[in-house]
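Now, the feature entries from TrEMBL:
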type	residues	note
DOMAIN	65-178	domain 'Ferric oxidoreductase'
TRANSMEM	28-49	transmembrane segment
TRANSMEM	69-86	transmembrane segment
TRANSMEM	98-116	transmembrane segment
TRANSMEM	136-157	transmembrane segment
TRANSMEM	169-185	transmembrane segment
TRANSMEM	197-214	transmembrane segment
Amino acid sequence: MPSASQIKGTRATVSVQSGPRWVVPAKVAVFVLMLYPLARLIVLGMTGVNGGLSANPIEFITRSTGRWTLVYLCITLAITPVRRMTGITALARFRRMIGLYAFFFAVLHFTTYIWFDKWFDVAEMLKDIGKRPFITVGFAAFVLLIPLAVTSPKAMVRKLGRRWQTLHRAIYLIAALAILHFWWMKAGKHDFEQPKIYGAIVIALLGWRVIAWCRTRAARRRA
Ligand code: HEM
């Protein structure tokens, strides 16, 4: 998912587009590295090492893919703050790829649920969405991710212009829904340790965005 500076067509865009030499090998490395959670599941499933996929493989795969979706969402959200704080503009070149990885893992997560948990029984799934609030918000987050993934190609960024930016702000709402999904899932056992950590990360990233936005507005007013 490209950055705001890529849309605006500023001079910064040119440097981001061409980028330093390390960008292409780094992107290849990140691409391969981000396949690790999937490779791990495949290896565990095939070899059974370290207890394999546990006594409940469906739960194991659902939880693993859900967790990695959340991790990749957080990394996507962190790109802009880190880019601005470090001045490494080329980081923007990684955003789309990582965002698409978040979507990919969300698809795996949802597929595991609808396939192995519900056996493609759509009526049963809809009943579950209506009945269990944690599934409702997880589903909402997933549905909201779809337009972001569809509009991630550069051609769509150019076509949508400013509307692209507005649409992609939904990533914050998606992250908030994902935290709620995780929180409510753990509510049964009152085990909020992990959701609290991820919640704090998302709040910090969102807070950074709000402060940056307020500063830009104040600077514009002064100008
Ligand atoms: C952006 C979308 C989503 C994100 C980020 C997400 C994230 C998560 C996370 C972090 C967990 C807990 C993993 C852990 O225990 O470590 C989880 C569990 C789960 N999610 Fe999602 N999820 C999403 C969408 C969905 C959707 C669409 C469904 C189904 C309609 C779903 C169903 C489940 C189920 C069934 C569990 C496991 C519950 C259990 O084992 O008791 N999630 N998800």
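A Cβ is built for glycine as well, from the same backbone N, Cα and C atoms used for every other residue.
Any TrEMBL annotation is an automated prediction that lacks curation.
Keep in mind that what you see is a predicted model, and the values were worked out from it rather than measured.
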Stretch in 69-86, 136-157, 197-214 most in contact with the transmembrane segment (169-185), if contact is a CB pair under 8 A: 136-157
Chain residues outside the transmembrane segment (197-214) and at least six past its termini with a C-beta under 8 angstroms from it: 70, 74, 77-78, 80-81, 84, 172, 175-176, 178-179, 182-183
Predicted model, mean pLDDT over the domain 'Ferric oxidoreductase' (65-178): 97
